[in-house]
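Student: Got a structure for you, written out below as structure tokens; questions coming shortly.
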Amino acid sequence: MMFRDQVGILAGWFKGWNECEQTVALLSLLKRVTRTQARFLQLCLEHSLADCNDIHLLESEANSAAIVSQWQQESKEKVVSLLLSHLPLLQPGNTEAKSEYMRLLQKVLAYSIESNAFIEESRQLLSYALIHPATTLEDRNALALWLSHLEERLASGFRSRPEPSYHSRQGSDEWGGPAELGPGEAGPGWQDKPPRENGHVPFHPSSSVPPAINSIGSNANTGLPCQIHPSPLKRSMSLIPTSPQVPGEWPSPEELGARAAFTTPDHAPLSPQSSVASSGSEQTEEQGSSRNTFQEDGSGMKDVPSWLKSLRLHKYAALFSQMSYEEMMTLTEQHLESQNVTKGARHKIALSIQKLRERQSVLKSLEKDVLEGGNLRNALQELQQIIITPIKAYSVLQATVAAATTTPTAKDGAPGEPPLPGAEPPLAHPGTDKGTEAKDPPAVENYPPPPAPAPTDGSEPAPAPVADGDIPSQFTRVMGKVCTQLLVSRPDEENITSYLQLIEKCLTHEAFTETQKKRLLSWKQQVLKLLRTFPRKAALEMQNYRQQKGWAFGSNSLPIAGSVGMGVARRTQRQFPMPPRALPPGRMGLLSPSGIGGVSPRHALTSPSLGGQGRQNLWFANPGGSNSMPSQSRSSVQRTHSLPVHSSPQAILMFPPDCPVPGPDLEINPTLESLCLSMTEHALGDGTDKTSTI
């Protein structure tokens, strides 16, 4: 199908929609354009409206609180018409005029629900208000409840009147009712139609919240009456029949407080069925999709549904779908109570939101734990829990702070170029990090570069502090510290797998910047390189070692692994205690002479009889890739034999003559082969007595 044909089809649909539907659809499409496209469209619209004096006059009226307040003296038809034509022109930030609109909107919606009149117009007004940039979180939450009341009113069939047609451009004769309260045509033409009622009773002069409503709502802020008005409607447990009313009379404050909502008592508050996003009508589906922050790029809310599901709070997703990230982070129990969230649920939501606010301090604590020898597996589990929570890009979350602090971070390197390993040692001293955590000057993308294989003491600059609220940068910093420990400590397959999974999630997460993702990618490549240093067969044998870990020496593996005499080995063991399956008993028996202490032969490289410091660093940069394979040399010693575990030290000693032969393993380079050979000869040269003590 040609492009012009597609445009023709879209134009045909567009002509069939009413003005409100067209507006919602256009806004939904505009949210998908780039900034350049949006600016171009703005220029086109401004140019076309430059000579349109009528729209300027209408906009002036729409933003005058005094004029809007005078509409209360008009007929209901006139008020609905004025709201539809002026509400879209309200300027964001005009709180005084907005309050007047909300007061009128409250009265229109209450009357519409009570009398089954102006249903379609009420839907359109709700649509405009829900997508309007001038409305706040409280406004939208209250309006979403009004919309659910309106649709429940139609679905419940409380009265026998037929449901009106969806398009407001159809004739008003379809709006049944003894009082003949139908509106005219939708759009600006309503202003030209005279009211069908010759007489009317004006609005009640009270513009404040009725006492009956004030007694129920828990929100002390009564600037916007509609914020708490749905509460009495929702809490009502019985259907109170309405008293006969003069056709032109708006409901009094007492009636508004006493009348019940048209819903069943067992209907759960804020259920997905009553949300805007799950509405059954076409127009509200469009509106729901345009207002659903779960689907907006850069909103930070895309992970909220899965996060709520993990908390078993997914039934309240509709409440969060109308919020921005910043609004969600400021939720309180009092606000949730005003939205009729049950006591247990609002307490759980409030606690979960509080945990979201504490993520940065948790990440700082994790960073210190990793540096000071904490359990790496526990740290990775904490990171897994944090990455599934809603995270917003810091540059979007605090754009002004980010713009002011972009310059100090230029030292991190040019974007798009992953830093060279060793450019800045990532293994920071705990004291240094403690000093920087006490300060919170704003910064952007403050995370360490890819970890160096062997950090050099004394040459390490103090890491830049991470700004408050910059979760992606803090998360990336911890990932850098974890990568360092993975490279210099005894390898653990589960830890490495968990780390790679975390990196994959970060690489596809919208909150992380391109620079952060490139650094994470460089760390991923280093960890993958670590895994590739072992033969494939050794990796396959790992499962056999796990199953047979108790055959020869059982639980002796951990005490032996902890009896390291070398300082580096002690630090490594203290940082990351290995599980019982960490070292295969047979291989530990081969590597337990006095100079090694029963641990990985890579620790033996610190011995003066072996290679120099440079070769030691090379070895530490390329350790093994699983927790049952502490070094490459062990795999080369055992690789040519099919027995995964030897049952006695005597059986172990039968194999050393073949150890120097690397076999057909092409993955081990000659340098590592020579290291394996010299290490094995050194271990066997101490005799068999100490070997048999395992």
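Glycine is no exception: its Cβ is also placed from the backbone N, Cα and C atoms.
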Student: Test of record reading: of Ser243, Ser592, which one does Swiss-Prot tag as phosphoserine?
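Tutor: So the answer, going by Swiss-Prot, is Ser592.
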Student: Pick from Thr264, Thr407: which does Swiss-Prot describe as phosphothreonine?
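Tutor: Checked Swiss-Prot: the phosphothreonine annotation sits on Thr407.
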Student: Looking at Swiss-Prot, which of Ser81, Ser498, Ser555 is flagged as phosphoserine?
Tutor: Ser555
Student: Have a look at Ser64, Ser238, Ser365, Ser557 and find the one that Swiss-Prot tags as phosphoserine.
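Tutor: Checking Swiss-Prot against Ser64, Ser238, Ser365, Ser557, the phosphoserine entry points to Ser557.
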Student: Just to confirm what the record says: which one of Ser252, Ser271 has phosphoserine annotated in Swiss-Prot?
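Tutor: Annotated as phosphoserine in Swiss-Prot: Ser271.
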Student: Tell me which residue from Ser628, Ser636 Swiss-Prot records as phosphoserine.
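Tutor: Swiss-Prot records phosphoserine at Ser628.
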Student: How do the residues of the domain 'SAM' (299-372) split into helix, strand and coil according to DSSP?
Tutor: 54 helix, 0 strand, 20 coil
